[in-house]
Amino acid sequence: QVDAVRVYVNSSSENLQYPVLFVVRQQKGVLSWQVPLIFRGLYQRTYNYQEVSRTLCPTEPTPETRPSDQIIFVDVASMAPFNIAYELLVTRLENFQLETNKAFNFTASPSQPQYFLYKFPQDVDSVIINVVSDAAYPCSVVSVQDIVCPVYDLDHNVEFNGVYQSMTKQAAITVQRKDFPGEQFFVVFVIKPEDYACGGSVPSSIPGNLNRTWNLQRTKNLQVTIVPSVKKSVYVQAMFFSFLSFLSFYLGSVVVAFVHYISTDMKLTVPPGSISIAGSGMMTASHPISASTPEGSSYGAIDESSSSGGHQLSSPERRPPAGSDTDSSVEEESDFDTMPEIESDKNIIRTKVFLYLSDLSRKDRRIVSKKYKIYFWNIITIAVFYALPVIQLVITYQTVVNVTGNQDICYYNFLCAHPLGVLSAFNNILSNVGHMMLGFLFLLIVLRRDILHRRAMEMKDVYTLDYGIPKHFGLFYAMGIALMMEGVLSACYHVCPNYSNFQFDTSFMYMIAGLCMLKLYQTRHPDINASAYSAYASFAVVISLAVLGVVFGKNDMWFWVIFSMIHVLASLALSTQIYYMGRFKIGECYVGIFRRAVMVLYTDCIQQCSRPMYMDRMVLLIVGNLVNWSFAVFGLVYRPRDFASYILGIFICNLLLYLAFYIIMKLRSSEKLLPIPMFCIMATAVVWAAALYFFFQTLSSWEETPAESREKNRPCILLGFFDDHDVWHFLSAAALFFSFLVLLTLDDDLDTVRRDKIPVF
């Protein structure tokens, strides 16, 4: 048992020119202070206290010597030319050493700080110091310091040594035995003279002597409990759980692929008049296939005379020779139109009242596929150049936290922050493994489909068969990479979560939402979808706006006015392009677009009130614009501080709106939902609902001060290792994976349908 001594002094003198000086000399150190004790705050405010109480640095008897009495010298002095009365009281502390799993209550004030000793038990390697208080204010600081004299226990020096946190109602610090060679440490409690550091009111500047405050009552009742943290075996269990949970998705995918292989293997004997399509079983040819090869036609070409009027099928001029695989940059930069007549008739085709997929899939498949593969290669380049500086920055953040001991830099859930190595919250990083594993699994699934499709084309010359949705996998590959990078960047953000680096966690979420919308649009508009360069340039603009929102979005009204105008104008421009089946091009004359939109509204709605030519598209775009304008008005009125999440909400709402429209139009067109996409849709809805429940369980908030954020901290809920936000990581990864599978399998029912029978919407 370690004995400690506390010295209490009191002086009635208010003469700041001649304070009473107290110097305590011990065997291993000297402690000194003055009365009145002066604390300094903002705007040169001073807080003077005439009562001071300090705990002296204890001396622990060594095993070689028997316990002996402590010799302490207390020197009292003053330069005052007159007598000053003072009171001095020395007492022995009965409860100086804290015990494991036992709560201890005490009181502290700015001039009467407290600290206590804790020794690690033999079987404990890590502990969590839980401190609670019924009152949020006065603001306090909790510090963990090594057994070194003197102990820094005043407001102006408590940050000089050890690890510390500011506190209102709750604080938690995880301490590991390896960080303290002596296997013991001091827990220091300091009450600050002002509350602004914890989110309280900022004192106003008052000139003259009114800036001085005497004996302000700032007493705080605190309770401290030290509990053992998780053992190493829990770390191992958590890692096994994380990897095995997502390896089960791999097993499920293998089972589905095996069942699909067995089912297709049983259909190897193709009946006469049937055509085999990869991944779709078989279909019966509804048009005769030419047995002869007259001049000017290709082998296996479908007789164009049997097609419905206006729906022109493939012609020999648009098909390259069977063995050609041109990779010419000239073709890629020439808008990929390999038919001379496309430039002359595409505008006429796209303004037909009823469009079919054959009208918007007239370009050569190989060239268009290479166009979409650019999405994949570009996102890899973006990921490397974006992720490397992010990793370097968060490593610097973590290093600063470890070196300075300032745990107010990062907004963890300190009640469930399990360190590993130099990382302060390993559990928040481990829980992102699902995004990486499921992103890689999605790439494997897309690769399998791609390989099967290529084999089918090589065997059956499917280039001449206009059936089903055109198979372009470039966007799917890009989506898989984006999902993996979301896991990487989310893990980087959780190395040290704070206001400055939150955009790391959301940047690739913007890209995922944008790529999903592009993929939905590409499904029935393969020839007129956005190029990779313009799409990624648009994402770059969005991320730039997100950065500006982080910097200027807090209080600057001018930023929200400009952003809302950009948002509304971009919605109108994009709506006009979509309504008229225009192409997304940077540098397009948007003045002409708006002029055309105004003329259409004037002609159709004012002059003759005619029915819109494309009613379904018009309904979608009206609803979409109302949603986006509502977001713009909300941002302008409320100016949310979390600008990154605000933009993400815009993307997600637009994606959900478009997906709902697509599925409704698909069902209206008498198309079917096969069992696999139906299962994926149901799984997506259920998992997203569960994930969002845990997402809204706020465990911290960098919109507030670190002390206020810690009031939201909660204990772990899964395996004693993962908190609510970790469960959100697990479930959101699965939800995104199922969402991607929905887009991948949604139109599998159309693989046996001619493209001139598939409507465009």
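Glycine too: its Cβ is placed from the backbone N, Cα and C atoms.
Where the annotation comes from TrEMBL, it is an automatic prediction and has not been curated.
Among the features that TrEMBL reports, compositional bias 'Low complexity' is placed at 305-315. Sequence annotations record features per position, and here TrEMBL assigns compositional bias 'Acidic residues' to 328-338. Residues annotated as region 'Disordered' in TrEMBL: 288-338. According to TrEMBL, the transmembrane segment annotation covers 234-259, 375-395, 429-447, 475-496, 502-521, 533-552, 558-580, 618-637, 643-664, 676-696, 727-746.
Across the candidate stretches 375-395, 502-521, 558-580, 727-746, the maximum count of CB pairs under 8 A to the transmembrane segment (429-447) is reached by 727-746. Residues 375, 379, 383, 386, 390, 394, 475-476, 478-479, 482-483, 485-486, 489-490, 492-494, 529-530, 535, 538-539, 542-543, 546-547, 550, 578, 642, 644-645, 647-648, 651-652, 654-655, 658-659, 662, 702, 736, 739-740, 743 of the same chain, all 6+ positions outside the transmembrane segment (502-521), place their C-beta atoms under 8 angstroms from a C-beta of that stretch. Away from its own ends, the transmembrane segment (234-259) comes close to residues 418, 420, 426-427, 430-431, 433-434, 437-438, 441, 444-445, 448, 676, 719-722, 730, 733-734, 737 of its chain (Cβ-Cβ under 8 Å, at least six residues beyond either end).
Of the candidate ranges 375-395, 475-496, 533-552, 475-496 contributes the most Cβ pairs within a distance under 8 Å of the transmembrane segment (727-746). Sequence-distant contacts of the transmembrane segment (533-552) (same chain, six or more residues past either end, CB-CB distance under 8 Å): 374-375, 378-379, 382, 499-500, 502-503, 506-507, 510-511, 514-515, 518, 559, 563, 566, 584-586, 643-644, 646-647. For the transmembrane segment (475-496), same-chain residues at least 6 beyond its ends with a Cβ under 8 Å from one of its own Cβ atoms are 372-373, 375-376, 378-380, 383, 386-387, 390-391, 394-395, 397-398, 401, 409-410, 423-425, 428-429, 432-436, 438-440, 442-443, 446, 502, 504-505, 507-509, 511-512, 515-516, 518-519, 522, 729, 733, 736-737, 740, 743-744. When Cβ-Cβ distances below 8 Å are used as the criterion, the transmembrane segment (643-664) is approached by residues 502-503, 505-506, 509-510, 513-514, 516-517, 520-521, 523, 542, 545-546, 549-550, 553, 567, 620, 623-624, 627-628, 631, 635, 673, 681, 742, 746, 761 of the same chain, each at least six residues removed from its ends.
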